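*Asks:* Before we start, here is the structure in question, set down as structure tokens.
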Amino acid sequence: MAQRVFNFNAGPAVLPLEVLEEVQGELLNYQETGMSILEISHRSKAYEAINRQAEANLKELLGLGDNYRVLFLQGGASTQFAMIPMNFLPPGRTADYILTGAWSEKALKEAKLFGNTHVAATTAEGNYKRIPNLDEIQLSDNPAYVHITSNNTIFGTQWKTLPSFGEVPLFADMSSDILYKPFDAEKFSLIYAGAQKNLGPSGVTVVIARRELLENNPKDIPTMLRYETHAKNDSLYNTPPAFSVYVLNLVLQWIKKQGGLVGMQKRNEEKAALIYHTIDNSNGFYKGHAQKDSRSLMNITFRLPSEELEKTFASEAEKAGLVGLKGHRSVGGLRASTYNAMTVEGCRVLQQFMLHFQQKNG
Ligand code: PMP
């Protein structure tokens, strides 16, 4: 078997080795059921326990009480782009979107299919290098909600201080940075995230919402696209992505063992500092895409002096066991995704590789 590599892919992404080993250990016989978790009925006691625990663990990590619920849905974060306006944008109201990258644009595009929208701020000029300042944000009159993307996976920018807008419900796509550090989750009426970056494997999308948003949703939308359907049935209205939820629950337990969100923050700051420090001390050989005050701790985007060198960098890195570093086509260059499960060691190895590469080619 080839050795495990350092996986810097943007998602699906690296999972904690301890979690993979646990999955391997109980893959053939899940907790004495005599069946694999892949074969188990979602109506079994064993799966119901996983489903319950995953909700409880997520709420515990976020410090949320009984006024919030967690749903495990399918269709990716991309389906949430549409479900949100279908459920929460009534006729005659306006939904406000803050555009900080390609994913917020996609969220807005879906909302436009269902009602009035307003762009409350955008940093598209300059190819989304930064997060807007609070004084650049202009809300419409009495918006139904404000939508933000907390971390911009493609551009490598991230809200350092999450905004809030008083009584206006705040919704966030946290697909690429949920649980990366402690934050005040109560500021948000609804948070959603595809699992395949910081939470687990692909196939499940997490929705965390205030209870009252999960009741009395419009009756004229498809059953599967109403939040209420899933809330009433504890995410078991139809067959859930059981394996993904099971692994997600193991990842949540792993985060708790690492010191929870405080532990994640320490680890993530240490990792990102190694790479940003190398970029900043390279005399311009490496150039970050994001403006310094908007830099993401999860996706580090940078360029080299030429596209040719960028290609060589990615292919030589791969040979050295550092994979998934090619940047997204809309930004170019390189991108190191350093989600929760990426180790400090992985980032040290990348740092050393960057230093040697510069010595050889600078
Ligand atoms: N939002 C963000 C911030 C993302 O990074 C992604 C995926 N890369 C998506 C939404 C889309 O997620 P999915 O593929 O789960 O629909």
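Counting begins at 1 with the first residue displayed.
Yeah, the Cβs are placed from backbone N, Cα and C, and that goes for glycine too.
Note: TrEMBL annotation is automatic and uncurated.
Note that the coordinates shown come from a computational prediction; the quantities given were computed from them, not determined experimentally.
Annotation comment: TrEMBL describes Arg43 as L-glutamate binding site. Summarising the annotation, TrEMBL assigns pyridoxal 5'-phosphate binding site to Ala77, Ser78, Trp103, Thr153, Asp173, Gln196, Asn238, Thr239. Among the features that TrEMBL reports, domain 'Aminotransferase class V' is placed at 5-346. Taken from TrEMBL, the feature N6-(pyridoxal phosphate)lysine applies to Lys197.
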*Asks:* Between the Cα atoms of Ser78 (pyridoxal 5'-phosphate binding site) and the residue listed as 'N6-(pyridoxal phosphate)lysine', find the distance and write it as a whole number of Å.
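*Replies:* Each residue's Cα considered, Ser78 (pyridoxal 5'-phosphate binding site) and the residue listed as 'N6-(pyridoxal phosphate)lysine' end up 14 Å apart.
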*Asks:* In sequence order, what residues of the same chain, 6+ apart, have a Cβ less than 8 Å from the Cβ of Asn238 (pyridoxal 5'-phosphate binding site)?
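*Replies:* Same-chain residues close to Asn238 (pyridoxal 5'-phosphate binding site) (Cβ under 8 Å, separated by 6 or more) are Met224.
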*Asks:* Average pLDDT across the domain 'Aminotransferase class V' (5-346)?
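*Replies:* Its mean pLDDT is 98.
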*Asks:* Among all protein chains shown, how many Cβ atoms are found within 10 Å of the Cβ of Trp103 (pyridoxal 5'-phosphate binding site), not counting that one?
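*Replies:* The answer is 21.
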*Asks:* Cα-Cα, whole number of Å: Arg43 (L-glutamate binding site) versus Ala77 (pyridoxal 5'-phosphate binding site)?
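*Replies:* Distance (Cα to Cα, whole Å): 25 Å.
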*Asks:* List the recorded positions Arg43, Trp103, Lys197, Asn238, Thr239 whose Cβ sits under 6 Å from any atom of ligand 1, in sequence order.
*Replies:* Trp103
*Asks:* Using Cβ-Cβ distances, find the residues under 8 Å from the residue listed as 'N6-(pyridoxal phosphate)lysine' that belong to the same chain and are at least 6 apart in sequence, listing them in sequence order.
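*Replies:* Looking at Cβ-Cβ distances below 8 Å from the residue listed as 'N6-(pyridoxal phosphate)lysine', excluding near sequence neighbours, one finds Ala10, Gly11, Pro12, Ala13, Thr153, Ser175, Ser176, Asp177, Met298, Ser337, Tyr339.
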*Asks:* Going by DSSP, give the three-state secondary structure for Thr239 (pyridoxal 5'-phosphate binding site).
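*Replies:* Going by the DSSP assignment, Thr239 (pyridoxal 5'-phosphate binding site) belongs to neither helix nor strand, so it counts as coil.
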*Asks:* Which of Ser78, Gln196, Thr239 (the binding-site residues) has the most other Cβ atoms within 10 Å?
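*Replies:* The most densely surrounded of these binding-site residues is Gln196.
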*Asks:* Can you tell me whether DSSP puts Asp173 (pyridoxal 5'-phosphate binding site) in helix, strand or coil?
*Replies:* strand
*Asks:* When neighbour density is defined as the number of other C-beta atoms within 10 angstroms of a residue's C-beta, which of the binding-site residues Arg43, Thr153 has the lowest density?
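*Replies:* Output over binding-site residues Arg43, Thr153: least Cβ neighbours within 10 Å is Arg43.
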*Asks:* Please identify which of Ala77, Asp173 has the densest Cβ environment, defined as other Cβ atoms within 10 Å, among these binding-site residues.
*Replies:* Asp173
